[in-house]
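Here's the structure we're looking at; comments come further down.
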Amino acid sequence: MIDIVILGSTGSIGTQALDVARQQGNFNVRGLSAGGGNLALLAQQAAEFNVPVVGIADPSKADELAQALKSAGSEAEIMTGENASEQIGALVPSGTVLNGITGSIGLKPTLAALRAGSTLALANKESMVAGGTLVKEAMTRPGQIVPVDSEHSAIAQALLGGRHEKGLTSPVVTGKSEVKKLVLTASGGPFRGKKRDELTGVTAEQALKHPTWAMGPVVTINSSSLMNKGLELIEASLLFDIDPDDIVPVVHPQSVIHSMVEFIDGSTLAQASPPDMKLPIALGLTWPERMEGIATPCSWDSPVQWTFEPVDHETFPALSLAKQALKAGPLHPAVLNAANEEAVDAFLRGRLGYLEMASLVEQVLGEFDSPSVITLDEVAAAEDWARARAREIAA
Ligand SMILES: NC(=O)C1=CN([C@@H]2O[C@H](COP(=O)(O)OP(=O)(O)OC[C@H]3O[C@@H](n4cnc5c(N)ncnc54)[C@H](OP(=O)(O)O)[C@@H]3O)[C@@H](O)[C@H]2O)C=CC1
Ligand SMILES: CC(=O)[C@@H](O)[C@H](O)COP(=O)(O)O
Ligand SMILES: [Mn+2]
């Protein structure tokens, strides 16, 4: 049995992780956490998996959670408040913590899990974007982070096929790196092929219709603007220690090739599977072992086409903005992400236009005056400043 903790258990990643646990039966779920938006589901999960500790960020819902747990038949201990996920993230030092929280609020739980010595199955890409240096410093051993984001899982899998001494997730730690480039695939989102003037009046409903993945609202909006690919470029550069200029984003509308690694001899290794997050989630829980029958494999019975096209940077400036932020300084990615989280929130509430999301992020980044060292307090201060400035601009 493997001890696991699921942070963000009521979300898209969290519920699919529990699907894997339900299907495989070889996991001991030691803790769950969520924001507090769906107490009935959290309580039902706690009861089904006989979880000893559950936490929610919203302290005002403690009594309601106690009632929901009682009704569901769970006797779990309750933790509440902004530190609940951090505490629960430190519960399984010799197990695995899956961080499926949305947003840079997931950074502290990421640090807590790493410091405790747990393996960290990382879906919360914002941890890496907001606090990459701190995340690396918090690691207690190489290979402690297993990426769950589909592209980074694909890259980690492809890296097993070649030598790469630098990447955190590579099991090969000796020898010269043979990696030349990472090829980061993007679906292109619901507005692929459109030009800027066609995106002016885009609604949240339209932007939430992802062509290939069913995900939470924030990552779905980010996919539509290609900010998701920008965050993923930063995540890949930091996770695998690759220069941002050696990461090539490419649009692949079918979302079957989840990313690729190009090696120095001209060989490229790709990881392919129909879009299903259960596969990288399951690998995150048991890396480098694979479990049987997690997802449906590619089918070769009927004709199939995999296509690739360049990114339209003029229509989708967010990806270039993210790359600029990564090159600009250690805190710029945190500012980019915090401003973007505010922009997405304002867009979803109908307070900001679709194209204004990227311009707002660009403006906030442009105004940011960065200190050169990075501490958790400085990340928090930079984020607070970026969020406040983003709210002012959105208003
Ligand atoms: N969904 C996907 O397929 C993929 C997601 N990712 C990444 O994984 C992460 C999660 O995405 P996704 O599952 O789609 O998002 P969802 O919006 O579906 O779920 C987010 C989860 O985080 C919880 N949460 C929110 N705030 C807090 C908090 N302060 N403390 C603890 N938990 C909190 C939510 O709880 P509540 O329900 O109570 O609000 C919910 O359980 C994101 O970083 C995303 O970019 C990466 C690749 C694919
Ligand atoms: C499934 C996953 O990993 C998402 O982050 C995905 O990448 C979103 O699709 P896009 O390629 O459209 O951003
Ligand atoms: Mn992804």
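Glycine is no exception: its Cβ is also placed from the backbone N, Cα and C atoms.
Automatic prediction, not curation, is the source of TrEMBL annotations.
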Given TrEMBL lists D149, E151 for Mn(2+), the same-site residue among E75, E77, E82, E232: E232
Given TrEMBL lists T10, G11, S12, I13, G35, N38, N124, E126 for NADPH, the same-site residue among G201, G216, G230: G216
Env. residues of Mn(2+) site, Cβ within 8 Å of mean position of D149, E151, E232 Cβ: K125, P147, S150, H152, L184, N228, K229, L231, E235, A236, S259
Position of peak Cβ density within 10 Å, selected from the binding-site residues K125, H210: K125
Among G35, N124, D149, N228, the binding-site residues whose C-beta sits under 6 Å from ligand 2: D149, N228
Conformational class of S12 (NADPH binding site) under the three-state DSSP mapping: helix
